[in-house]
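According to TrEMBL, the protein has these features:
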type: DOMAIN; residues: 1-143; note: domain 'Ammonium transporter AmtB-like'
type: SIGNAL; residues: 1-15; note: signal peptide
type: TRANSMEM; residues: 72-91; note: transmembrane segment
type: TRANSMEM; residues: 123-143; note: transmembrane segment
Amino acid sequence: MHIHVFAAYFGLTVAWCLPKPPPKGTEDKEQIRNSPSLSAMLGTLLLWIFWPRFNSALLTNPIERKNAVFNTYYALAVSTVTAISVSSLAHPQGKINMTYMHNAVLAGGVAVGTSCHLISSPWLAMVLGLVAGLISIGGAKCLPVRN
């Protein structure tokens, strides 16, 4: 849990220190096009690969380690399915919003992270993933973006 608190404060500090984007109409004509969605999708893929191992790294009991890995995958999967479903239902043309998916995967992993080895039934991890996905999508949809 300490790593999440550190990452939260570090991310807030970096976001506060970053320069503001230039006003519209002042950007150069020869800008290099970057794709933050592609970078975020690669980060989400890395979360899928490494997060279960991260959650089970310090556990010595093989049963707890197995529970931690499987429960992490269950929460990640359900939060991803929730993000895809709610995103396509919320969009007028039924399109998937990738930002919702990134946020929901992250929320599903964080929600199950500290207690993943203690959860005995898979459905509890799935409920945690569902609730975390819904909360993250609700926050991304309803909370205003500050510029």
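Cβ from N, Cα, C; glycine included.
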Per-residue pLDDT averaged over the domain 'Ammonium transporter AmtB-like' (1-143), given as an integer: 84
Helix, strand and coil residues within the domain 'Ammonium transporter AmtB-like' (1-143) as assigned by DSSP: 103 helix, 0 strand, 40 coil
